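These notes are about the structure you will find just below.
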Amino acid sequence: AETHGGPTAPSVFPISSCCGSTQQRPVLGCLATGYVPGPVTFSWPRATGATAVTVPETHGAGPHIRASFLRPPHASRGDSFSCSVKHPATGTTLSKEVEGMGGDGPKLGDPQNPPKPPPDPIKPPRLEVPWTTSRPRNTSNLPPSRPPVCVPSQIRSPPEVQVLHSSVCTALGDDSVELLCVITGFSPPPVEVEWLVDGVPDQLVVTTTPPRREAGSNTYVATSQTNVSREDWKAGKAFTCQVKHPATGVTAQGHIEGSMTMTGKVSAPYIFTFPPHAEELSLAQVTLTCLVRGFQPEHVEVQWLRNHNSVPATEFVTTPPLKETNGDGTFFLYSKMTVPKASWQGGMSYACMVVHEGLPMKFTQRPLQKTPGK
């Protein structure tokens, strides 16, 4: 259990597929649960040539959960593999042995135990084959000539949705506002996108990109773009990008509201990042800060990245835009994120990403990483 709000090491459990087929490669897994804070990393020291997949970390307000799955490079029965889990925040490294396929049938190519001939093909008897798992018992009616097929569980992750206005009337003569819906973190494809205006489906002209795999990740990203009239935007209507993910049954939404403030004057923000203060390094958690100032209009989006991947919005805090005191009509804000000191000192890379219509590419990033030796 967690002590005085400090870090908690993970519990590690082995996972293996329980299938009777000797001709299918097993899928092995390693589950880390109950740790605070993230992240954990996985390695499979003896799995040369194998394919390993680590799923994104999941957590609510409490402990974290993450898993890694391994497909060995050849069909094997009873082979064991070592899974190593490292938790930088507590300095803990745990290892577990994960067994390959079990079962009582003959090994593949074993001359001492040749496979039995199939039964009469005209009327094969039906067998109930129990699946031994930790979940409630299931049975599957299969003829003995067709042993159970070992099918790995597909990684399933629901989408996160964010709506930006990437071009808010940069001149008074513009007659529309472009909205961009960014859909990230989902697996497997596809997703279904629908736009709502004030909570009601609207016949907007929409362009949605096909899902593509996120760099360095096992999840996918897609975007959906539409234009709304300048009048609807100035009326303060609410625009919603609603995303349905059939694989998980999740429906996620991103929202944005129009604004009457459309002066036509655009100023790009200045962005400054600040590492943890030296006095804060005595604590288990340290603070990264991003100052965004000198921008107008006031609508801006701030997103933090960890090792080039988006950080969930629940892990950082951003102030509302505030007016500068110099009277030039520009705004400023602060965004801060708390991270484990061990992750910061271990060289993990972070970045503050800002989206604003005044920027040349509509967005920019400012990296933040501990310099080796300092």
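Glycine is no exception: its Cβ is also placed from the backbone N, Cα and C atoms.
Caution: TrEMBL annotation is automatic and unverified by curators.
The following features are taken from TrEMBL:
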| type | residues | note |
| --- | --- | --- |
| DOMAIN | 10-99 | domain 'Ig-like' |
| REGION | 57-147 | region 'Disordered' |
| COMPBIAS | 112-124 | compositional bias 'Pro residues' |
| COMPBIAS | 131-143 | compositional bias 'Polar residues' |
| DOMAIN | 159-257 | domain 'Ig-like' |
| DOMAIN | 269-369 | domain 'Ig-like' |
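Across the residues of the domain 'Ig-like' (269-369), the predicted structure has a mean pLDDT of 92.
Across the domain 'Ig-like' (159-257), the DSSP tally of helix, strand and coil residues reads 5 helix, 60 strand, 34 coil.
Sorting the domain 'Ig-like' (269-369) by DSSP state (H, G, I as helix; E, B as strand; all else coil) yields 13 helix, 52 strand, 36 coil.
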